């Protein structure tokens with residue numbers, strides 16, 4: 001059964017809507033862990049639209065499970081990661097105009113740069129995951145740059161219309177898991193997962209961790225964060 005990494009970006013989104021001090025994502029991380037979260041994920045974007053540098057610094061000191069820092073592969077972010085020392089880093093694509101991450105990294109198109117970033121971080125004992133589509137060529141490129149993990153982009157699966165298309169996209173993810181395993185890559189997944197579509201992804205062979213945020217934070221507005229996290233844990237375990 002995969003573990004659950006709770007992404008708390010959207011707690012910060014609510015805070016930044018008013019440029020105030022609440023709700024505090026650090027407090028949300030504590031509640032998520034108490035409810036059974038196996039890890040905490042945050043995306044420190046270049047435009048700082050939600051998570052702020054202060055959040056990452058305090059989370060590094062307070063998270064008791066593990067801290068996954070999502071970031072672009074830029075010199076600024078590498079410097080921050082080396083200073084903060086998260087438990088691992090997930091490199092993600094980033095465009096200022098996007099509402100949320102729109103797809104996986106093009107590792108093939110920037111293989112030399114990715115290899116340099118991966119080497120720099122892993123030399124500092126920070127394992128690196130690459131957020132990529134379940135494309136065989138991209139998975140092979142991830143192995144070539146010596147990443148420890150990949151995180152499969154589940155957005156296309158999540159947006160599939162109808163059972164047939166969803167089944168087709170799930171098979172693409174399964175093939176990605178199989179290819180990654182053959183190359184010695186560990187596999188996480190995330191993006192667009194909800195209480196209604198997560199379980200099939202949790203059942204994929206070799207799946208280690210699911211990073212889920214928006215649906216949990218949305219649910220927490222209605223039932224509270226601890227219950228929302230527990231309910232997602234139940235979904236992953238097949239009890240939901």
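Each Cβ is built from the backbone N, Cα and C atoms, and glycine gets one as well.
The 3-amino-2-oxopropyl phosphate binding site annotation in Swiss-Prot covers 7, 18, 192, 213, 214. In this structure, residue 214 (3-amino-2-oxopropyl phosphate binding site) is part of a helix by DSSP.
What Swiss-Prot records for 9, 10, 45, 50, 100 is 1-deoxy-D-xylulose 5-phosphate binding site, and it gives sequence analysis as the kind of evidence. Under 8 Å, Cβ to Cβ, and six or more positions away along its own chain, residue 9 (1-deoxy-D-xylulose 5-phosphate binding site) finds 25, 41, 42, 43, 50, 51, 213.
Under the DSSP three-state reduction, residue 43 (active site, proton acceptor) is assigned to strand. Marked as active site, proton acceptor by Swiss-Prot: 43 (among others).
Around residue 70 (active site, proton acceptor), the C-beta neighbours below 8 angstroms that are at least 6 residues distant in the chain are 41, 42, 43, 44, 89, 90, 91, 92, 131. Residue 70 (active site, proton acceptor) falls within a strand segment according to DSSP. Feature annotation from Swiss-Prot assigns active site, proton acceptor to 70 (among others); the stated evidence is sequence analysis.
Within its own chain, residue 151 (site 'Transition state stabilizer') has 90, 129, 130, 131, 132, 187, 188, 189, 190, 211 as residues 6 or more apart in sequence whose C-beta sits under 8 angstroms from its own. Sequence annotations record features per position, and here Swiss-Prot assigns site 'Transition state stabilizer' to 151.
In the three-state DSSP classification, residue 191 (active site, proton donor) falls within coil. Among the features that Swiss-Prot reports, active site, proton donor is placed at 191.
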Among 191, 192, 214, which are recorded as recorded positions, the nearest neighbour of residue 10 (1-deoxy-D-xylulose 5-phosphate binding site) by Cα: 214
Alpha-carbon spacing, residue 191 (active site, proton donor) to residue 214 (3-amino-2-oxopropyl phosphate binding site), which is rounded to whole Å: 9
Least buried by Cβ count (within 10 Å) of the recorded positions 18, 43, 45, 50, 214: 18
Neighbourhood of residue 7 (3-amino-2-oxopropyl phosphate binding site) by C-beta distance under 8 A, where only residues 6 or more apart in the same chain count: 41, 42, 43, 190, 211, 212, 213, 214, 216
Max pairwise CA distance, angstrom, over record-listed 3-amino-2-oxopropyl phosphate binders 7, 18, 192, 213, 214: 25
